[in-house]
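Asks: One structure coming up, written as structure tokens, with questions to follow.
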Amino acid sequence: MALEKSLVLLPLFVLMLLVLGWVQPSLGKESRAKKFQRQHMDSDSSPSSNSTYCNQMMRRRNMTQGRCKPVNTFVHEPLVDVQNVCFQEKVTCKNGQANCYKSNSSMHITDCRLTNGSRYPNCAYRTSPKERHIIVACEGSPYVPVHFDASVEDST
């Protein structure tokens, strides 16, 4: 009797392990929208002329693990304002795709660029606070930013 129960439960147990094996990796995978937020959003602070801002933020946001990300931009505006860019002026992305949008107004940003001679694991960045229009690629449902394409000066 106990052996029969074991034989019935064993295939169910194996099936459960297989399902968990397929589901678990997808649970831990960061969506493109979440990655955009991690890499580019810093709504809680204003542009900083503090020379260590980029060094701290690039480390804190995991962009110096395994390599030094050469360039990154942080946006210091409310997330909803950046998400609204997806419904503003449509422009062509740098890679030729047609899903990029330019903000109607300039936004507070901080550009971070790897300094010359900086090598992993000692990633050092130059911090440049700016006010620029941003260009983001958008996708999904809801339609949200998934890639920071560029920043451009006001053309007026």
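Any Cβ shown, glycine's included, is placed from N, Cα and C.
Swiss-Prot lists these features:
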- K35, R38, K69, P70, V71, N72, T73, K94, R113: substrate binding site (BINDING)
- C54-C112: disulfide bond (DISULFID)
- C68-C123: disulfide bond (DISULFID)
- C86-C138: disulfide bond (DISULFID)
- C93-C100: disulfide bond (DISULFID)
- N50: N-linked glycosylation site (CARBOHYD)
- N62: N-linked glycosylation site (CARBOHYD)
- N104: N-linked glycosylation site (CARBOHYD)
- N116: N-linked glycosylation site (CARBOHYD)
- 1-28: signal peptide (SIGNAL)
Asks: Just to be sure I understand: of N50, C86, C100, N104, C112, N116, which recorded positions have a C-alpha no more than 10 angstroms from the C-alpha of T73 (substrate binding site)?
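Replies: The recorded positions passing the 10 Å Cα test are C112.
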Asks: To the nearest whole angstrom, state the Cα distance for the pair N104 (N-linked glycosylation site) and K35 (substrate binding site).
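Replies: Cα of N104 (N-linked glycosylation site) to Cα of K35 (substrate binding site) measures 24 Å after rounding.
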Asks: Which ones, of the disulfide-bonded residues C54, C86, C93, C100, have a Cα no more than 10 Å from the Cα of R113 (substrate binding site)?
Replies: C54
Asks: Indicate whether K69 (substrate binding site) is helix, strand or coil by DSSP.
Replies: coil
Asks: List only the single closest residue to C100 (disulfide bond), chosen from the recorded positions K35, K69, C112 by CA-CA distance.
Replies: K35
Asks: Return one of helix, strand or coil for C100 (disulfide bond), based on DSSP.
Replies: strand
Asks: Based on the record's binding annotation for substrate (K35, R38, K69, P70, V71, N72, T73, K94, R113), what whole-number value in Å is the widest Cα to Cα distance?
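Replies: 22 Å is the greatest Cα spacing among the residues binding substrate.
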Asks: Just to verify a number: CA distance, C123 (disulfide bond) to V71 (substrate binding site), in angstrom, no decimals.
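Replies: Distance (Cα to Cα, whole Å): 11 Å.
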